[in-house]
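Database features, via TrEMBL:
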type	residues	note
COMPBIAS	1283-1292	compositional bias 'Polar residues'
COMPBIAS	1293-1308	compositional bias 'Low complexity'
REGION	1281-1317	region 'Disordered'
SIGNAL	1-27	signal peptide
TRANSMEM	278-300	transmembrane segment
TRANSMEM	611-629	transmembrane segment
TRANSMEM	644-667	transmembrane segment
TRANSMEM	679-699	transmembrane segment
TRANSMEM	747-773	transmembrane segment
TRANSMEM	825-845	transmembrane segment
TRANSMEM	1101-1120	transmembrane segment
TRANSMEM	1127-1147	transmembrane segment
TRANSMEM	1153-1178	transmembrane segment
TRANSMEM	1190-1213	transmembrane segment
TRANSMEM	1225-1249	transmembrane segment
Amino acid sequence: MELRRWGFLLLVASSIQVISILFPASGQPSNSQEVHGEGYCSMYGICGKRSDGKVLSCLNRTHSVKPEKVFSSKIQSLCPTISGNVCCSPYQFDTLRGQVQQVIPLLVGCPACLRNFLNLFCELACSPNQSLFTNVTSVKKVNGNRMAVDAIDFYVTHDFGEQLFNSCKDVKFGSMNTRAMDFIGAGAKNYSEWFAYLGRQANSNEPGSPYAITFRSNSNDSSGMMPMNVTDYSCVDSSLGCSCGDCPSSSVCFDSLPPAPPVKQFCSIKIVSLTVKCLDMSLAIGYLFLVSAFLLWGFVYRKERTDPSRTKPSINVNEESKLNSDGKQEIHCIPQISEAVPPVVKAQQLVVQHYMSNFFRKYGSFVSKHPTLVLCLSLAVPFLLCLGLLHFKVETHPEKLWVGPGSKAAQEKQFFDSTLAPFYRIEQLILASIPDSNGERAPSIVTDKNLKLLFELQKKVDGLRANYSGSMVSLTDICLKPLGRNCATQSILQYFKMDPQNYDAYGGLDHVQYCFQHFSSAEKCLSAFRAPLDPSTALGGFSGSNYSEALSFVITYPVNNELDKKSTEYAKSVAWEKAFIRLMQPQNLTLSFSSESSIEEELKRESTADVITILVSYLVMFAYISITLGDRCQLSSSFVSSKVLLGLSGVVLVMLSVLGSVGFYSIIGVKSTLIIMEVIPFLVLAVGVDNMCILVHAVKRQPLDLVLEERISNALVEVGPSITLASLAEVLAFAVGSFIPMPACRVFSMFAALAVLLDFILQLTAFVSLIIFDFLRAGDDRVDCVPCIRLASSSSADEGTVKQDLGLLTRYMKDVHAPLLSRQGVKIVVVVVFFGFAFASIALCTRVQPGLEQKVVLPRDSYLQSYFDDLATYLRVGPPLYFVLKDFNYSLESRNTNQICSISQCDPNSFLNEITKASLVPSSSYIAKPAASWLDDFLVWLSPEAFSCCREFVNGSYCPPDDQPPCCQPNDGLCTTGVECNDCTTCFRYSDLHDGRPSTVQFKEKLPWFLSALPSSNCAKGGKGAYTSSVNISGYESGIIQASAFRTYHTPLSKQSDYVNSMKAARDFSSKMSDSLKMEIFPYSVFYIFFEQYLDIWRTALINISIGLGAVFIVCLILTSSIWISAITLLVLTMIIIDMLGVMAILDIQLNAISVVNLVMSIGIAVEFCVHVMHAYLVNSGDRGSRTKVAVSTMGASVFSGITLTKLVGVIVLRFSKSEVFVVYYFQMYMALVIIGFLHGLVFLPVILSICGPPPRYMTDDVIFLDNQAQGKHPSMFMKVPSGSSSMTTNNRRISGSAKKSSISGQQMPTFQNSCT
């Protein structure tokens, strides 16, 4: 709501009821006989005055009189249609001239309208043939026996009435952002309504005529009367120069008609009665084609064909395992020597894998020998980084959280605030009526009881005091006072001057109803700050202009704003706002409220609202870790086999990684947010838990007869590459989010990327050391959590073959899940279903809307929740919109003035005319009203026609209008005219101007006068208040005005898409006008800075997702040396992201910076669901089906228990969060990610690998030699490994068991082919 509309004052209807003040001429005889003929008057003279001072005309039928020469010239200057005799005296004419001067500034922009309007009342007041079209119908006695007129009929032709109304209906009243008809005609829709408004008989102390005037268009022929039919003028007459803004139907405007509302054209196809989008149809056809091709493949190739002659692997391990009756498993492998075959794949393709395996083997051996050293060194880094917490700061300012410093909207806001004025702070109340119990529409709130209740509430606000540094701050100390007198409070109570004592005196509820219709014209309806109050800004929930049906009061307190946030005035405003919130909250009313600092304060509270929920989530995940890491055993040995201390240590490492990340960024001056401190630990814990489970499970899978050093080394060789791949992908995916311009999300991504990296390093260093300590503790039969206590050994390991139980989940994966996915029919169903959902998600993702509902980011119990609901339900005005013009050249030589203005003689396609035309199509332009133009009002103010506005004393100084001091002095509330201003003259004559425009010197001299001129009844065009902050005159003497603003309104905006589209429409309009006029113009509204990100959020999302996917692809390619497996990884991850977008559309989750970060994070987290299975597939040999079975059997349980369930138990707790943002953007999206990732990682990926996975790896003899040389091992001819053990990975081959050391340097190695039985 815009409140800066104080550049005008009362324009009362009585100012145009000039017939009510016709003064008598002495010596004119009275004629009681009714006469209707040429040369006769109907009324002449004044019989008396009413109690409110309005004069009463006498019934006085006399001949018209011939005026003196000087008097005749004065009449001709105002009423050129009247010549010869007249029916008014010089005093009467001066009174007429004084009254119409109030209306002239409103209509001077359209000469045709002004001429028609003046002709109407000139004829009524002074026409020599007055009796022909006026008839006195009622009289009353005053001052003895004198007969005063009480009612008349005024006959006017229908054509004149139509032409008068049509020429005036579109004339703008700029400072009010509305039409002049709202003031001089109470918003009349046709000339009949306008005449009815003008002719009503005013009650005492109300504006209007002292007697009733009935306008008629037809007369009785026998009466001798004829309707008035003087020459009328059309606004389309180019000779009269009405602008396009005041007369859209003018011929000069035909080439620049308002744009038609754009209709979104969607390509669609009609099938019978069903209309289908082309995109949906294309996706359906593509999907059917894909399914048909796949079904054809399944029919033709029932069995996967192999060609042994083309694939002779150097080492082929065909693992066949059997489950003994006791649940134990053994593998017997008999290697056989075969002839060497030429290498199929070049050796350098496996160099990365070779060196990674070699590194992890050596590192595992080192950390096993020096766990204490590794633990201490690894912990030193995060502890040092934690020292940065001494500089820890939290950012809570909304603009700095959600707006990038380089954003266009931020730069425009900075320019607006620094060159014009910062937008005032808004404190607002919405008081609504309560619906009936039966659910029907709520009753109107405009009742006597509710108005008195509103006064009581206002009394509390007025009495509110806030303590700031020992001084008490009240509303009057900080409120906006446009004219330096009273607060510009927007409240229905302004109709009573905010004074409860005026309630009964003014007429109570009846006065309110009256002001609804005459707020712009009635003296008593004027606000305490001397400006009309539009009911649409103080009421809500009404339709059209039915203000009496309003369902809510909307009270707005504009408060002064300051650029310097450290200033005393700013601090006082914030202190009062906090007291204001405390005052409102205990109210037992249907009341919603907000202050300027409300969102910032509620964001702070939101950041701490879910601490308990987050802690519970951590505790649940910790409990799950402790259970998962431990062994299944009897109760008697659970004290030793449990891993509670190890799980707790892992959680501590996660916290250290988070604190280290926060400390590092605090050192370099990056502020954190409290929500980051809640979310990042959860995310890092979810990622860290995966690595902890996988590492511990990998160690436990190793043969128990191996020494701990070899078990650790083998485990790191087995899972180290996949953990590295997953962690690096996650770090890169988080880092990609740092490219998002929104600061909160960019900082979130930066903190998360470093935290995940530190966590990865600590997992491979400190946590591996802790695993060693824990296994040593368990091997020494010491109690978990209390390792100083040692229990008696319950059992001893066999010296021979050691057998290890398979877990239930592992047996499920091996015996049920993997075989089920290997069936041909299941494969077809899986591919059809998963691709079907992906194609459907592509169609659905186009329905995802950009935006972020304000209510979502606030706590559910926030008082702002109901406020935003009421705002959308009741408000009937949109946010203010400013079009800011830079470097306006006002010199006479420049055409800028006519290119901008919208009054007479301005360009048809001028800037302000285009705004007016855009307001005619609000559905597409989102512009509700014409713009308030300081330039138009300034040109009218200094025009000679507005003779009461720009005036000067003889000495050349500014002379105010006659109704302002010093020209008049207040006397009992009235202004008594003095003699101080008798010698004042208008600033310019017509000959002084150049085609109605001032010269450069004249413009420069009079602009400060205009901006300091108080508006009043005599001249409503004064610029003080209305335009004080709209023009920056600093340095304007050079002929250039650095910045000026033209105010209008957006249409009411209720949805996020409305805000985004309105901003886009305003920017498109400004860009078009800038290009057309060769000027720099930009739009500004207070919400733009928060919604700019949504203009290209889809572009930002797609770019960041593409970069994230590309980064993962490159990392995968480097670490696996397989473009095949990298392509499959890219396919699966892309499908996961597409499915996430589809779920967002289904759950109605909007696209914003938070969801974009979540999507980018989904790439990194989804890698964990895939990379371990793919790595296990990659390092095994055999055909696709057997390798897939081994991969699922080996890693499926770890992926499900260590990745899926750990995230699941933590995410479920977020469902009970108090903040909607956690529920929508963390619970719902993360839950969808866990489910989609699990299904793709353990269902879709194995099927794809079994269908089109890469073939087994092959190596040259040189690589085998280098590998074994690096290990210092030689493969035995016959090896036997205990069942259930996991073979050591050697360059993507498995060699079961332990080999003996051999010195074979420089020896040519034979190739082996293993047969397993």
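A Cβ is built for glycine as well, from the same backbone N, Cα and C atoms used for every other residue.
Within the same chain, residues 379, 381-383, 385-393, 618, 621-622, 625-626, 629-630, 677, 680-681, 684-685, 688-689, 692, 696, 747, 750-752, 754-756, 758-759, 762-763, 766-767, 770-771, 774, 784-785, 787 sit at least 6 positions outside the transmembrane segment (644-667) and bring their C-beta atoms closer than 8 Å to a C-beta of that stretch. Counting only same-chain residues 6+ beyond the ends of the transmembrane segment (1127-1147), those with a CB under 8 A from a CB of the stretch are 834, 837-838, 840-842, 844-845, 847-848, 1105, 1109, 1112-1113, 1116, 1155, 1159, 1162-1163, 1166-1167, 1170-1171, 1174, 1224, 1228-1229, 1232-1233, 1236-1237, 1240-1241, 1244-1245, 1248-1249, 1252-1254.
If you look at the transmembrane segment (1225-1249) against the transmembrane segment (1153-1178), you find at least three C-beta pairs under 8 angstroms, all six or more positions apart, and that counts as contact.
The stretch from 679-699, 825-845, 1153-1178, 1190-1213 that makes the most Cβ contacts under 8 Å with the transmembrane segment (278-300) is 825-845.
With a cut-off of 8 Å between Cβ atoms, the residues of this chain six or more beyond the transmembrane segment (747-773) that come close are 363-364, 367-368, 371-372, 374-375, 377-379, 381-382, 385, 646, 649-650, 653-654, 656-658, 660-662, 664-665, 670-673, 676, 679-680, 683-684, 687-688, 691-692, 695-696, 699, 708, 712, 716, 720, 723-724, 727-728, 730-732, 734-738, 740, 1157, 1160-1161, 1164. Contact counts against the transmembrane segment (679-699), taken as Cβ pairs under 8 Å, peak for 1153-1178 among the stretches 825-845, 1101-1120, 1153-1178.
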